[in-house]
Amino acid sequence: MIPNKVLETFNRLSKNKVIQNLVLVSGITFLIKGLGFYKETMVAATFGLSELLDTFYIAILVPTLISNIFLGAYRSVFVPNYIAEMKIKGDKGSFQATSFLITVVVSFLFMGIAYLSTDTFLEELYPGHPSSYYTSVKQQFYVLLPCVIFWGLASLIGGLLNIADEYRLSTIGGIFTPLAIICCLIFFKDAFGNQVLAAGTVFGAFATLLYLLLVALSKKILFFGIPDFQNSNIKILFSQLPAKVSSSLLSGLNTMVDQFFAAQLVVGSIAALNYGLKIPAFLTGLLVIAFTNVLLPHFSRSILENRKKTFESLFKTLKIVFVSVAVLVLIGVLISHDLVAFLFERKEFDSEDTLVVARIQQIFLIYLPFSISGMIMVNFLTSINKNAVLAYISLIALVLNIILDYIFMQYYGILGIAICTTIVSILKSTTAAYYIFRLKLKEFG
(Lines of atoms letter the chains of each structure in order from A and count residues from 1; the text may use other names and numbers.)
(Lines give C-alpha, C1' and ligand atoms only; values in the text may rest on other atoms or scores of the structure.)
Protein backbone atom coordinates (compact mmCIF):
# COMPACT_ATOMS: atom_id res chain seq x y z
CA MET A 1 0.00 0.00 0.00
CA ILE A 2 2.73 2.47 1.02
CA PRO A 3 4.84 1.86 -2.13
CA ASN A 4 1.73 2.47 -4.25
CA LYS A 5 1.06 5.78 -2.50
CA VAL A 6 4.68 6.80 -2.96
CA LEU A 7 4.47 5.89 -6.65
CA GLU A 8 1.22 7.82 -7.06
CA THR A 9 2.75 10.86 -5.37
CA PHE A 10 5.83 10.63 -7.58
CA ASN A 11 3.73 10.35 -10.75
CA ARG A 12 1.61 13.32 -9.70
CA LEU A 13 4.66 15.45 -8.95
CA SER A 14 6.41 14.43 -12.17
CA LYS A 15 3.45 15.76 -14.19
CA ASN A 16 3.42 19.07 -12.33
CA LYS A 17 4.62 21.86 -14.63
CA VAL A 18 6.34 23.75 -11.81
CA ILE A 19 8.22 20.62 -10.68
CA GLN A 20 9.27 19.94 -14.28
CA ASN A 21 10.64 23.45 -14.60
CA LEU A 22 12.44 23.20 -11.26
CA VAL A 23 14.07 19.92 -12.30
CA LEU A 24 15.03 21.36 -15.68
CA VAL A 25 16.62 24.49 -14.22
CA SER A 26 18.29 22.50 -11.42
CA GLY A 27 19.77 20.07 -13.94
CA ILE A 28 21.22 22.83 -16.12
CA THR A 29 22.44 24.70 -13.05
CA PHE A 30 24.10 21.52 -11.77
CA LEU A 31 26.16 21.26 -14.95
CA ILE A 32 27.07 24.96 -14.81
CA LYS A 33 27.94 24.74 -11.12
CA GLY A 34 30.04 21.67 -11.90
CA LEU A 35 32.02 23.75 -14.36
CA GLY A 36 32.21 26.51 -11.77
CA PHE A 37 33.55 24.05 -9.23
CA TYR A 38 36.21 22.91 -11.67
CA LYS A 39 37.12 26.57 -12.06
CA GLU A 40 37.47 26.85 -8.27
CA THR A 41 39.81 23.85 -8.16
CA MET A 42 41.97 25.56 -10.78
CA VAL A 43 41.97 28.78 -8.76
CA ALA A 44 42.83 26.86 -5.57
CA ALA A 45 45.70 25.03 -7.27
CA THR A 46 47.02 28.28 -8.73
CA PHE A 47 46.73 30.60 -5.73
CA GLY A 48 46.02 28.52 -2.58
CA LEU A 49 44.99 30.66 0.42
CA SER A 50 47.10 33.56 -0.79
CA GLU A 51 47.03 37.32 -0.39
CA LEU A 52 46.19 37.69 -4.08
CA LEU A 53 43.02 35.67 -3.62
CA ASP A 54 42.09 37.74 -0.57
CA THR A 55 42.46 40.95 -2.61
CA PHE A 56 40.32 39.55 -5.44
CA TYR A 57 37.48 38.70 -3.06
CA ILE A 58 37.65 42.21 -1.61
CA ALA A 59 37.78 43.79 -5.09
CA ILE A 60 34.71 41.92 -6.33
CA LEU A 61 32.74 42.50 -3.12
CA VAL A 62 31.40 45.99 -3.94
CA PRO A 63 30.42 45.27 -7.59
CA THR A 64 28.68 42.10 -6.42
CA LEU A 65 27.00 43.98 -3.59
CA ILE A 66 25.68 46.64 -5.98
CA SER A 67 24.40 43.99 -8.38
CA ASN A 68 22.73 41.83 -5.74
CA ILE A 69 21.33 44.65 -3.64
CA PHE A 70 20.10 47.30 -6.04
CA LEU A 71 19.84 45.60 -9.43
CA GLY A 72 18.83 42.19 -8.09
CA ALA A 73 16.23 43.85 -5.87
CA TYR A 74 14.79 45.69 -8.84
CA ARG A 75 14.44 42.46 -10.80
CA SER A 76 12.67 40.84 -7.85
CA VAL A 77 9.98 43.52 -7.65
CA PHE A 78 9.89 43.83 -11.45
CA VAL A 79 8.72 40.24 -12.05
CA PRO A 80 5.44 40.20 -10.04
CA ASN A 81 4.44 43.69 -11.15
CA TYR A 82 5.25 43.03 -14.81
CA ILE A 83 3.09 39.89 -14.60
CA ALA A 84 0.31 42.02 -13.09
CA GLU A 85 0.71 44.46 -16.00
CA MET A 86 0.45 41.60 -18.49
CA LYS A 87 -2.68 40.28 -16.77
CA ILE A 88 -4.52 43.55 -17.41
CA LYS A 89 -3.05 43.66 -20.94
CA GLY A 90 -1.13 46.85 -20.20
CA ASP A 91 1.65 48.53 -22.16
CA LYS A 92 4.54 46.05 -22.01
CA GLY A 93 6.82 48.24 -24.12
CA SER A 94 6.47 51.20 -21.80
CA PHE A 95 6.94 49.02 -18.71
CA GLN A 96 10.11 47.46 -20.13
CA ALA A 97 11.51 50.81 -21.28
CA THR A 98 11.01 52.28 -17.81
CA SER A 99 12.70 49.29 -16.21
CA PHE A 100 15.72 49.30 -18.52
CA LEU A 101 16.16 53.05 -18.05
CA ILE A 102 16.13 52.65 -14.27
CA THR A 103 18.62 49.78 -14.46
CA VAL A 104 21.10 51.74 -16.59
CA VAL A 105 20.86 54.94 -14.52
CA VAL A 106 21.21 53.12 -11.19
CA SER A 107 24.13 51.04 -12.51
CA PHE A 108 26.16 54.06 -13.61
CA LEU A 109 25.25 56.01 -10.48
CA PHE A 110 26.56 53.36 -8.13
CA MET A 111 29.56 52.61 -10.33
CA GLY A 112 30.52 56.27 -9.95
CA ILE A 113 29.97 56.27 -6.19
CA ALA A 114 32.00 53.07 -5.79
CA TYR A 115 34.83 54.43 -7.94
CA LEU A 116 35.10 57.68 -5.99
CA SER A 117 34.90 56.09 -2.55
CA THR A 118 37.31 53.20 -3.07
CA ASP A 119 40.19 54.64 -1.02
CA THR A 120 38.00 55.31 2.02
CA PHE A 121 36.28 51.95 1.71
CA LEU A 122 39.58 50.08 1.76
CA GLU A 123 41.32 51.95 4.55
CA GLU A 124 38.31 52.01 6.88
CA LEU A 125 37.22 48.40 6.47
CA TYR A 126 40.57 46.70 5.92
CA PRO A 127 43.17 48.64 7.94
CA GLY A 128 46.72 47.57 8.72
CA HIS A 129 47.82 46.16 5.36
CA PRO A 130 50.83 47.18 3.22
CA SER A 131 50.36 49.52 0.26
CA SER A 132 50.85 46.64 -2.20
CA TYR A 133 47.73 44.99 -0.74
CA TYR A 134 45.57 48.05 -1.41
CA THR A 135 47.11 48.55 -4.86
CA SER A 136 46.21 44.99 -5.82
CA VAL A 137 42.61 45.47 -4.65
CA LYS A 138 42.23 48.74 -6.57
CA GLN A 139 43.67 47.37 -9.80
CA GLN A 140 41.28 44.43 -9.78
CA PHE A 141 38.36 46.60 -8.64
CA TYR A 142 38.72 48.99 -11.61
CA VAL A 143 38.74 46.04 -14.00
CA LEU A 144 35.64 44.52 -12.36
CA LEU A 145 33.56 47.71 -12.22
CA PRO A 146 31.93 47.33 -15.71
CA CYS A 147 30.42 44.05 -14.49
CA VAL A 148 27.79 46.11 -12.65
CA ILE A 149 26.08 47.32 -15.83
CA PHE A 150 26.52 43.95 -17.56
CA TRP A 151 25.00 42.05 -14.61
CA GLY A 152 22.16 44.55 -14.24
CA LEU A 153 20.97 44.35 -17.84
CA ALA A 154 21.48 40.58 -17.96
CA SER A 155 19.42 40.17 -14.79
CA LEU A 156 16.47 42.11 -16.22
CA ILE A 157 16.54 40.26 -19.55
CA GLY A 158 16.80 36.96 -17.68
CA GLY A 159 13.71 37.91 -15.69
CA LEU A 160 11.79 38.54 -18.91
CA LEU A 161 12.85 35.14 -20.25
CA ASN A 162 11.67 33.44 -17.05
CA ILE A 163 8.30 35.20 -17.26
CA ALA A 164 8.03 33.85 -20.81
CA ASP A 165 8.76 30.32 -19.46
CA GLU A 166 12.14 30.24 -21.23
CA TYR A 167 13.85 28.88 -18.11
CA ARG A 168 16.27 26.66 -19.98
CA LEU A 169 17.64 29.41 -22.16
CA SER A 170 17.94 31.96 -19.35
CA THR A 171 19.73 29.50 -17.06
CA ILE A 172 22.32 28.54 -19.69
CA GLY A 173 23.65 32.10 -19.49
CA GLY A 174 25.39 31.19 -16.23
CA ILE A 175 27.98 29.11 -18.07
CA PHE A 176 29.94 32.00 -19.56
CA THR A 177 31.63 33.43 -16.45
CA PRO A 178 33.28 30.21 -15.18
CA LEU A 179 34.19 29.34 -18.77
CA ALA A 180 35.82 32.73 -19.30
CA ILE A 181 37.82 32.49 -16.06
CA ILE A 182 39.02 28.98 -16.96
CA CYS A 183 40.14 30.19 -20.39
CA CYS A 184 41.98 33.15 -18.86
CA LEU A 185 43.77 30.90 -16.35
CA ILE A 186 44.85 28.48 -19.07
CA PHE A 187 45.72 30.81 -21.93
CA PHE A 188 46.16 34.35 -20.56
CA LYS A 189 47.56 34.00 -17.02
CA ASP A 190 50.91 35.51 -17.99
CA ALA A 191 49.30 38.26 -20.07
CA PHE A 192 46.91 39.44 -17.32
CA GLY A 193 49.12 38.60 -14.34
CA ASN A 194 47.51 39.39 -10.99
CA GLN A 195 44.37 40.64 -12.74
CA VAL A 196 43.61 37.34 -14.47
CA LEU A 197 40.58 36.51 -12.27
CA ALA A 198 39.13 39.99 -12.66
CA ALA A 199 39.60 39.93 -16.44
CA GLY A 200 37.93 36.53 -16.73
CA THR A 201 34.98 37.75 -14.67
CA VAL A 202 34.46 40.81 -16.90
CA PHE A 203 34.66 38.79 -20.11
CA GLY A 204 32.16 36.30 -18.68
CA ALA A 205 29.73 39.02 -17.61
CA PHE A 206 29.78 40.63 -21.05
CA ALA A 207 29.35 37.27 -22.82
CA THR A 208 26.35 36.48 -20.58
CA LEU A 209 24.67 39.79 -21.44
CA LEU A 210 25.30 39.35 -25.16
CA TYR A 211 23.90 35.81 -25.12
CA LEU A 212 20.72 36.74 -23.21
CA LEU A 213 20.14 39.76 -25.45
CA LEU A 214 20.39 37.64 -28.60
CA VAL A 215 18.05 35.01 -27.12
CA ALA A 216 15.50 37.62 -26.04
CA LEU A 217 15.54 39.21 -29.50
CA SER A 218 15.11 35.83 -31.19
CA LYS A 219 12.16 34.98 -28.90
CA LYS A 220 10.62 38.42 -29.52
CA ILE A 221 10.01 39.18 -25.86
CA LEU A 222 11.61 42.63 -25.92
CA PHE A 223 9.21 45.50 -26.58
CA PHE A 224 10.16 49.11 -27.11
CA GLY A 225 8.09 52.00 -25.84
CA ILE A 226 8.25 55.34 -24.07
CA PRO A 227 9.05 55.22 -20.34
CA ASP A 228 5.97 55.92 -18.22
CA PHE A 229 6.52 56.56 -14.53
CA GLN A 230 2.78 57.15 -13.98
CA ASN A 231 1.84 53.54 -14.78
CA SER A 232 -0.08 52.06 -11.81
CA ASN A 233 2.04 48.90 -11.63
CA ILE A 234 5.23 50.93 -11.95
CA LYS A 235 4.02 52.97 -8.97
CA ILE A 236 3.45 49.77 -6.98
CA LEU A 237 6.90 48.60 -8.05
CA PHE A 238 8.45 51.84 -6.77
CA SER A 239 6.54 51.59 -3.49
CA GLN A 240 8.03 48.12 -2.90
CA LEU A 241 11.53 48.97 -4.10
CA PRO A 242 12.84 50.79 -0.97
CA ALA A 243 11.90 47.88 1.29
CA LYS A 244 13.33 45.31 -1.12
CA VAL A 245 16.55 47.28 -1.57
CA SER A 246 16.84 47.70 2.20
CA SER A 247 16.33 43.98 2.71
CA SER A 248 18.91 43.08 0.05
CA LEU A 249 21.36 45.72 1.33
CA LEU A 250 21.14 44.53 4.92
CA SER A 251 21.48 40.89 3.86
CA GLY A 252 24.38 41.69 1.54
CA LEU A 253 26.20 43.59 4.27
CA ASN A 254 26.49 40.36 6.24
CA THR A 255 29.12 39.16 3.76
CA MET A 256 31.04 42.41 4.14
CA VAL A 257 30.81 42.17 7.94
CA ASP A 258 32.13 38.59 7.89
CA GLN A 259 35.03 39.57 5.63
CA PHE A 260 35.79 42.61 7.78
CA PHE A 261 36.21 40.45 10.87
CA ALA A 262 38.05 37.73 8.92
CA ALA A 263 40.53 40.36 7.70
CA GLN A 264 41.49 41.01 11.33
CA LEU A 265 42.79 37.45 11.58
CA VAL A 266 45.78 35.82 9.85
CA VAL A 267 46.43 36.25 6.12
CA GLY A 268 44.32 33.78 4.15
CA SER A 269 41.35 33.90 6.53
CA ILE A 270 39.08 35.55 3.95
CA ALA A 271 40.05 32.92 1.38
CA ALA A 272 39.49 30.14 3.94
CA LEU A 273 36.02 31.51 4.70
CA ASN A 274 35.19 31.63 1.00
CA TYR A 275 36.48 28.11 0.35
CA GLY A 276 34.47 26.86 3.32
CA LEU A 277 31.41 28.29 1.60
CA LYS A 278 32.14 26.70 -1.80
CA ILE A 279 30.23 23.44 -1.34
CA PRO A 280 27.34 24.97 0.65
CA ALA A 281 27.20 27.70 -1.99
CA PHE A 282 27.20 25.03 -4.69
CA LEU A 283 24.10 23.43 -3.17
CA THR A 284 22.32 26.70 -2.46
CA GLY A 285 23.28 28.11 -5.85
CA LEU A 286 21.92 25.00 -7.52
CA LEU A 287 18.54 25.48 -5.86
CA VAL A 288 18.30 29.24 -5.45
CA ILE A 289 18.59 29.81 -9.20
CA ALA A 290 15.87 27.25 -9.82
CA PHE A 291 13.66 28.65 -7.06
CA THR A 292 14.11 32.27 -8.08
CA ASN A 293 13.74 31.66 -11.81
CA VAL A 294 10.71 29.40 -11.50
CA LEU A 295 8.95 30.08 -8.18
CA LEU A 296 8.84 33.89 -8.27
CA PRO A 297 6.89 33.97 -11.56
CA HIS A 298 4.84 30.97 -10.37
CA PHE A 299 3.89 32.57 -7.04
CA SER A 300 3.20 35.90 -8.77
CA ARG A 301 0.70 34.23 -11.13
CA SER A 302 -0.92 31.82 -8.67
CA ILE A 303 -1.41 34.43 -5.94
CA LEU A 304 -3.56 36.43 -8.39
CA GLU A 305 -5.64 33.33 -9.19
CA ASN A 306 -6.08 31.51 -5.85
CA ARG A 307 -4.43 33.08 -2.79
CA LYS A 308 -5.45 30.41 -0.26
CA LYS A 309 -4.25 27.53 -2.42
CA THR A 310 -0.91 29.30 -2.92
CA PHE A 311 -0.37 29.52 0.85
CA GLU A 312 -1.16 25.82 1.26
CA SER A 313 1.17 24.89 -1.60
CA LEU A 314 3.95 26.93 -0.02
CA PHE A 315 3.88 25.07 3.30
CA LYS A 316 3.83 21.67 1.59
CA THR A 317 6.84 22.70 -0.47
CA LEU A 318 8.71 23.93 2.60
CA LYS A 319 8.26 20.62 4.42
CA ILE A 320 9.54 18.57 1.48
CA VAL A 321 12.51 20.85 0.84
CA PHE A 322 13.57 21.11 4.49
CA VAL A 323 13.61 17.34 5.09
CA SER A 324 15.32 16.57 1.77
CA VAL A 325 18.09 19.11 2.31
CA ALA A 326 18.59 18.01 5.94
CA VAL A 327 19.39 14.48 4.74
CA LEU A 328 21.94 15.83 2.25
CA VAL A 329 23.50 18.01 4.95
CA LEU A 330 24.01 15.04 7.28
CA ILE A 331 25.91 13.21 4.55
CA GLY A 332 27.89 16.34 3.70
CA VAL A 333 29.03 16.88 7.30
CA LEU A 334 30.26 13.28 7.56
CA ILE A 335 32.35 13.41 4.37
CA SER A 336 33.37 17.07 4.59
CA HIS A 337 37.12 16.56 5.12
CA ASP A 338 37.47 13.99 2.34
CA LEU A 339 35.46 16.17 -0.01
CA VAL A 340 37.63 19.26 0.55
CA ALA A 341 40.81 17.21 0.18
CA PHE A 342 39.59 15.66 -3.07
CA LEU A 343 38.46 18.94 -4.60
CA PHE A 344 41.11 21.42 -3.47
CA GLU A 345 44.19 19.76 -1.92
CA ARG A 346 46.92 20.16 -4.52
CA LYS A 347 49.97 22.36 -5.10
CA GLU A 348 49.63 25.49 -2.92
CA PHE A 349 46.53 24.18 -1.11
CA ASP A 350 48.03 21.81 1.52
CA SER A 351 46.63 19.46 4.21
CA GLU A 352 46.54 22.22 6.84
CA ASP A 353 44.39 24.34 4.51
CA THR A 354 42.12 21.33 4.04
CA LEU A 355 41.63 20.91 7.80
CA VAL A 356 40.67 24.57 8.31
CA VAL A 357 38.34 24.73 5.31
CA ALA A 358 36.65 21.40 6.16
CA ARG A 359 35.78 22.60 9.67
CA ILE A 360 34.36 25.86 8.32
CA GLN A 361 32.39 23.93 5.72
CA GLN A 362 30.82 21.59 8.29
CA ILE A 363 29.50 24.58 10.22
CA PHE A 364 28.12 26.27 7.11
CA LEU A 365 26.39 23.07 5.96
CA ILE A 366 24.21 23.04 9.08
CA TYR A 367 22.24 26.12 8.03
CA LEU A 368 21.41 24.87 4.51
CA PRO A 369 17.92 23.46 5.28
CA PHE A 370 17.00 26.80 6.84
CA SER A 371 18.59 29.05 4.21
CA ILE A 372 17.15 27.15 1.24
CA SER A 373 13.69 27.13 2.82
CA GLY A 374 14.22 30.82 3.50
CA MET A 375 14.89 31.47 -0.18
CA ILE A 376 11.50 29.99 -1.05
CA MET A 377 9.82 32.19 1.56
CA VAL A 378 11.62 35.29 0.27
CA ASN A 379 10.26 34.64 -3.23
CA PHE A 380 6.78 34.11 -1.81
CA LEU A 381 6.82 37.31 0.27
CA THR A 382 8.16 39.26 -2.71
CA SER A 383 5.36 37.92 -4.91
CA ILE A 384 2.74 39.28 -2.46
CA ASN A 385 4.60 42.59 -2.03
CA LYS A 386 5.55 42.02 1.62
CA ASN A 387 9.09 43.30 1.21
CA ALA A 388 8.90 45.52 4.31
CA VAL A 389 8.80 42.40 6.48
CA LEU A 390 11.96 41.12 4.81
CA ALA A 391 13.65 44.45 5.51
CA TYR A 392 12.88 44.28 9.24
CA ILE A 393 14.08 40.68 9.47
CA SER A 394 17.29 41.56 7.61
CA LEU A 395 17.97 44.54 9.89
CA ILE A 396 17.71 42.43 13.04
CA ALA A 397 19.86 39.73 11.42
CA LEU A 398 22.60 42.23 10.52
CA VAL A 399 22.77 43.61 14.06
CA LEU A 400 22.97 40.07 15.46
CA ASN A 401 25.65 39.17 12.91
CA ILE A 402 27.88 42.08 13.95
CA ILE A 403 27.51 41.33 17.67
CA LEU A 404 27.97 37.56 17.38
CA ASP A 405 30.85 37.84 14.88
CA TYR A 406 32.77 39.98 17.35
CA ILE A 407 32.03 37.70 20.32
CA PHE A 408 32.60 34.33 18.64
CA MET A 409 35.74 35.50 16.83
CA GLN A 410 37.38 36.16 20.20
CA TYR A 411 36.89 32.54 21.24
CA TYR A 412 36.93 30.51 18.03
CA GLY A 413 38.75 32.64 15.43
CA ILE A 414 37.63 32.06 11.85
CA LEU A 415 35.33 29.22 13.00
CA GLY A 416 33.46 31.72 15.17
CA ILE A 417 32.47 33.73 12.10
CA ALA A 418 31.06 30.57 10.50
CA ILE A 419 29.15 29.72 13.69
CA CYS A 420 27.66 33.22 13.80
CA THR A 421 26.55 33.04 10.15
CA THR A 422 24.83 29.72 10.79
CA ILE A 423 22.96 30.95 13.87
CA VAL A 424 21.79 34.13 12.13
CA SER A 425 20.60 32.21 9.05
CA ILE A 426 18.54 29.83 11.20
CA LEU A 427 16.92 32.71 13.08
CA LYS A 428 16.08 34.59 9.85
CA SER A 429 14.33 31.61 8.29
CA THR A 430 12.35 30.65 11.37
CA THR A 431 11.18 34.26 11.79
CA ALA A 432 10.01 34.43 8.16
CA ALA A 433 8.17 31.10 8.53
CA TYR A 434 6.43 32.32 11.68
CA TYR A 435 5.31 35.53 9.95
CA ILE A 436 3.89 33.68 6.92
CA PHE A 437 2.09 31.22 9.21
CA ARG A 438 0.53 34.09 11.17
CA LEU A 439 -0.44 35.81 7.91
CA LYS A 440 -2.17 32.64 6.71
CA LEU A 441 -4.13 32.35 9.97
CA LYS A 442 -5.14 36.01 9.75
CA GLU A 443 -6.44 35.72 6.19
CA PHE A 444 -7.97 32.24 6.17
CA GLY A 445 -8.19 31.11 9.79
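Cβ atoms are placed via backbone N, Cα and C, with glycine included.
These come from TrEMBL:
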type	residues	note
TRANSMEM	18-36	transmembrane segment
TRANSMEM	56-74	transmembrane segment
TRANSMEM	95-116	transmembrane segment
TRANSMEM	141-162	transmembrane segment
TRANSMEM	169-188	transmembrane segment
TRANSMEM	194-217	transmembrane segment
TRANSMEM	249-273	transmembrane segment
TRANSMEM	279-299	transmembrane segment
TRANSMEM	320-344	transmembrane segment
TRANSMEM	364-382	transmembrane segment
TRANSMEM	389-408	transmembrane segment
TRANSMEM	414-437	transmembrane segment
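Between the transmembrane segment (194-217) and the stretches 56-74, 141-162, 249-273, the greatest number of Cβ pairs separated by less than 8 Å involves 141-162. Of the candidate ranges 95-116, 141-162, 414-437, 414-437 contributes the most Cβ pairs within a distance under 8 Å of the transmembrane segment (249-273). Looking at which of 18-36, 56-74, 95-116, 169-188, 389-408 has the most CB pairs under 8 Å to the transmembrane segment (414-437), the answer is the stretch 389-408. Taking every recorded stretch in 18-36, 56-74, 95-116, 169-188 and counting its Cβ pairs under 8 Å to the transmembrane segment (141-162), the highest total belongs to 95-116. Long-range contacts of the transmembrane segment (18-36) within the same chain: residues 165, 167-168, 171-172, 174-175, 177-179, 182, 282, 285-287, 289-291, 293-295, 298, each at least 6 residues beyond the stretch ends and with a Cβ under 8 Å from a Cβ of the stretch. Cβ atoms under 8 Å from those of the transmembrane segment (169-188) belong to residues 25, 28-29, 31-32, 35-36, 38-39, 42-43, 46, 154, 158, 161-162, 196-197, 199-201, 203-205, 207-208, 211-212, 215, 219, 289, 293 of the same chain, restricted to positions at least 6 beyond its ends.
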